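Report on the following structure.
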Amino acid sequence: MIMKSSVPVVALIALVVSRVQAFVSVGGIKNTHVSITGSAVMEKVREVCEAVAESEGRDFKPTGSSAEELLRACLGTATGEVSGAKFRTALNQIYMQNGFVDRDFMGSAPHHFNNEAFNEGRNLIIQGTAAIKANVRTDNLQSARETLGRVCHTLQDFYSHSNWVELGNKSPYANLIRPDLNIEKIADIAMPTCSDCASGTCPNQLLPAILNGKYLTSGYMGLFSNDKPQGKCSHGGETDLSSTQNPRGGISKDEPRSHNTDLHNNAVNLASEATMELLEDIRGAIGNKDYLRLMGIARSAVLAFVIDTTGSMSDDIAEAQRVAFNIIDTKKGTQDEPSEYILVPFNDPEFGPLIRTTDSDVMKSEISKIRANGGGDTPEMCLSALQLALTGAPSSSHIYVFTDAPPKDMHLEKTISALIRSTKSSVSFFMTASRRSRRTLTASTQFQVYYDMALASGGQAIEVSKSSLSQATDIIVDTSTSALVTILQRSRNPGLVESIPFLLDKSVSNTTIYITGSSLTFNLRSPTGVTQSNTVDNGPLGTIQKVGNLQRIQLNGTEMGLWHIDMTSTQPYTIKVMGQSAITFIYDFVEEFKGPHPAFAAIDGRPSAGSPAKLLLTLTGEKGPEALELQEVALMEVSGVKVSNGNIEKMDGGDYLITVKEVPEGEFVVLLKGKDKTSSSLFQRQTTTQMSQSKVTIKAVADSSMLPGEVFKMNFTVTTNGTSGAYTIRARNDKNIPMTHPSTLNLVSGGSAQGTVSLTPPGNTVSGTDVTLTIEAEGPGGSDSNYAVLRLSVLSKVTDFSPPKCEIVDVQGTCYSSSCSSSNWELSVNITDGNGTGIESISIQQGSGNFTQREVLDGVIVFMGVYDASCCSPSVTLSAVDKVGNVGRCSYTMKSSAGSRLISMSLPLWASLLLYGFLRDAFPL
């Protein structure tokens, strides 16, 4: 669907190139699903941020119109840097999946409300919305975002592809998102709906019987055939073969043309309103705080520990506990306070569970419970635990592993590599080799896989004695901060005598350099020529701390300009320069797909070899992307010297399409240089996740949720332009759900083969559980491989479709406009779910007062609640949610002077009643 609107969109990253119909970036001439979704998302975020600020008694005043300034105002006045990367990443997870519907389901009528598939399309919306709510309840936010993007696409297509607008409707169709209502008056399959239109540009082809009878119909889309039922409307357009058959033409309102401009504009407006109503329903079900987390409104720091709990690890565990407590206690109330805590213990043969919380007290309690015991033989289940952390932590997290033993579960090595690339998270290892592990292998040999994973992810591999571990863990404190950026990362094996430059800009603070390796010598040189040798612990440029194989240099200040690290050692080493800054970027490797809406989609795996690499890149800074200028993007070998510059195509809204024709053959990262226009300062940033190309591709699409206790089957396709032969197939999931898949697929170069993965979630699996499935294909001899990572949801069948009900019992108090601070008012309500699944939560959606409740049994469970507030906060909206996510609200506004009152009560989002006086009758929330 291509739509045009005057609504500005603050943040987008979807890009589509087309001859006639095209997803375009922000500020383009056409409207898209992504722009409609983006406008609604940003408007709802602003609304919820304002409500949260009111409830916390603080002002909400963004300093500008950018997403970053909105984020800063929403997070409050706590000290510290604020990065827009997490917010932008979350939004892009929604927007990308929105666009994917045209790629993955282009021929599916229900996904687009084509072919009069109204009931099937509505079911996709209802089931998808239920999955979103269940995912948020189980804290699986990425799965919820991806499903939201797909649901928004289908919902919006209803208004562009059906005749809802032509029937004269001025508001969205509530029945699409209300599970307790059905679609009404669908035209029968034998009922003609359109007249013939030879020109294809008739203003209204719909038959009078359809318009007068208020029957719903939609155009038939023939991508591969011109067949359609007799007398039915076509979708229309160049790719619709059915539009050449009588009745010719089409009723799609995807884009504005001379004959349908008003219809198109009305469809845009209704699609926008419908998206807002969907978002409001989700907000009511999950609450304001979790809604903002769903949208990526959270502090950027995450504290994630994976801890070996075998008998020799007591000192390491004590140090991990000390560091966690220190970070929690010292950063509380600042922007550096972690927004999420991840903890995964492992032993042998046990590992897990994944402990994930936003509550620092819970993290303290859980990490305090860890004790060293068991083990025995040297290898432990480290990679199994790391798999849980990578799939459970937000993308781009910093994960820290404490261990003194090599991994026993080496079969997961390629799975971990795939998850690192997919999540863009970095993994650092603190390795304290125990006596039992030193007996058979040298430390460098036994820990080599950890070194490889640290390098691949942009983390650190630090070997220290147990007695010195406390000095090395300062790196965790350094990196458990907000707005963390990587300015430079290099690896050399063997080492080179070379001068490595890096650029520091005005926005960077707390710059720290990490150099790992043995017997290294180097000099640090500032832009003004001041130098400091590695033998000087406290010098003119910084403080050098040495522990194990790590040298940590904290710069005394951040002098702007070009710095150099002059390495004079040929021993292997890694260098990493990090700091805090709001200026950063997010990116995806993308590929083009064909169809009615040709586009670029993010690649799930390694990009294809033999063709230019394309990246979709978004800049973000304190004042938004408009204040930044991108000057150079390159793919750079981390362990080599090759740098391949890309061609930059500037889009709107901070987005860029980068094309790199000569891609490095080995592992590479993305290097970016630009200018901060507010300070005229040049900046440099680098990704840490290594990537490479592959001649193998894997494509897989999950088109539904899994049901507990039932077999779920998903097809996947492997294609190769490389060696012919038997390709090894591996499939693993992070919940140990029983599964089957082919062990090999036979391929010829230039060909493909299909396989099927079957999973059977246990019958007691919690609804909303997120399952990360990794499928890997490896060529003959292991010469080439690729992967696909999919997030699947387990969703129980929903049978309760009725929202809770409310009864206004009493209102007390009188408010006067002249002295609101000296008086209060009080609202008493009764809330019940009748014979439904029961009330899960009751919360204040809007208002700064207090709500208290008690439960009573009177045939059915009734919650008696009292809301009291200052007359300075005269409005309240209470949200009641049942156990399957049905939402009800009641709103009340206390008018000032003379004690007059205005009561406003709403059905679950789609209807509202404005009544004056007291209302005591029950009503649906």
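Each residue, glycine too, has its Cβ placed from N, Cα and C.
According to TrEMBL:
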SIGNAL    1-22  signal peptide
DOMAIN    66-292  domain 'VWA7 N-terminal'
REGION    230-262  region 'Disordered'
COMPBIAS  251-262  compositional bias 'Basic and acidic residues'
DOMAIN    303-466  domain 'Hemicentin-1-like von Willebrand factor A'
DOMAIN    485-581  domain 'Hemicentin/VWA7 galactose-binding'
DOMAIN    696-795  domain 'VWA7 Ig-like'
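On the 0 to 100 pLDDT scale, the domain 'VWA7 N-terminal' (66-292) averages 94 in this prediction. According to DSSP, the domain 'Hemicentin/VWA7 galactose-binding' (485-581) comprises 0 helix, 58 strand, 39 coil.
When each of the listed stretches 66-292, 485-581, 696-795 is scored by C-beta pairs under 8 angstroms to the domain 'Hemicentin-1-like von Willebrand factor A' (303-466), 696-795 comes out highest.
DSSP labels the residues of the region 'Disordered' (230-262) in these numbers: 6 helix, 1 strand, 26 coil. Across the domain 'VWA7 Ig-like' (696-795), DSSP classifies residues as 3 helix, 58 strand, 39 coil.
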